[in-house]
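Accompanying notes for the structure given below.
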Amino acid sequence: MAVSSSGAVHPFLRRRFNFNLKHQFKMCLHLKFSSCPYSELRVGSALLTEDGQIFSGCNVENACFYLSLCAERTAINKAVSEGHRKLKAIAVSSDLEDRVIPPCGACRQVIREFGDIPVFMTKVDGSYTMMTLEELLPLSWGAEYLRKQEMDSPKRN
Ligand SMILES: O=c1ccn([C@H]2C[C@H](O)[C@@H](CO)O2)c(=O)[nH]1
Ligand SMILES: [Zn+2]
């Protein structure tokens, strides 16, 4: 079920994740590094890893539009490329004042690779709506549909 808040740390988070949302939001402010000359929509993301580290990201757009990368995937790629595959939660923020910002379909699929984690969709005033990845992307495609033996094989290319 979706959880909304006016900015305080939600009890759900404190219980399940021992997670300081304010700190996470601070990291989300990395939307100031956003490179978005085409959409002019600054987006930031922050994710929490199992061992308590936070990685931030922003959207990085390209003149060849479809090469642009969303903030969430920037953050995920940073974390994974530094050896952090166990993700606990992810947040996404933007300049939008009147609405929370939801991850696009591509990002939902990429987040899905790392489990059914909570996704915090925030507004500039610090309020947020939290939904789990399963709620955002029900009946989703994942590694369990692939041939496991092949996936586990150390010899695969
Ligand atoms: O959750 C979202 C939604 C949109 N964007 C970016 C992609 C693009 O740069 C801009 C406009 O779609 O917003 C993100 O980074 N994350
Ligand atoms: Zn996206």
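Placement of Cβ uses the backbone N, Cα and C atoms for every residue, glycine included.
In TrEMBL, annotation is done automatically, which means it is predicted and not curated.
Noted in TrEMBL for the protein shown:
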type	residues	note
DOMAIN	18-144	domain 'CMP/dCMP-type deaminase'
BINDING	C70, C104, C107	Zn(2+) binding site
ACT_SITE	E72	active site, proton donor
Legend entry - Under 8 Å by Cβ from C107 (Zn(2+) binding site), counting only residues of that chain that are 6 or more apart: C70, E72, R73
Legend entry - Residue among recorded positions C70, E72, C104 with least C-beta crowding, 10 angstrom cut-off: C104
Legend entry - Sorted by sequence, non-C70, C104, C107 residues with Cβ within 8 Å of centre, Zn(2+): A71, E72, R73, P103, G105, A106, R108, V110
Legend entry - For the domain 'CMP/dCMP-type deaminase' (18-144), the number of residues DSSP places in helix, strand and coil: 41 helix, 33 strand, 53 coil
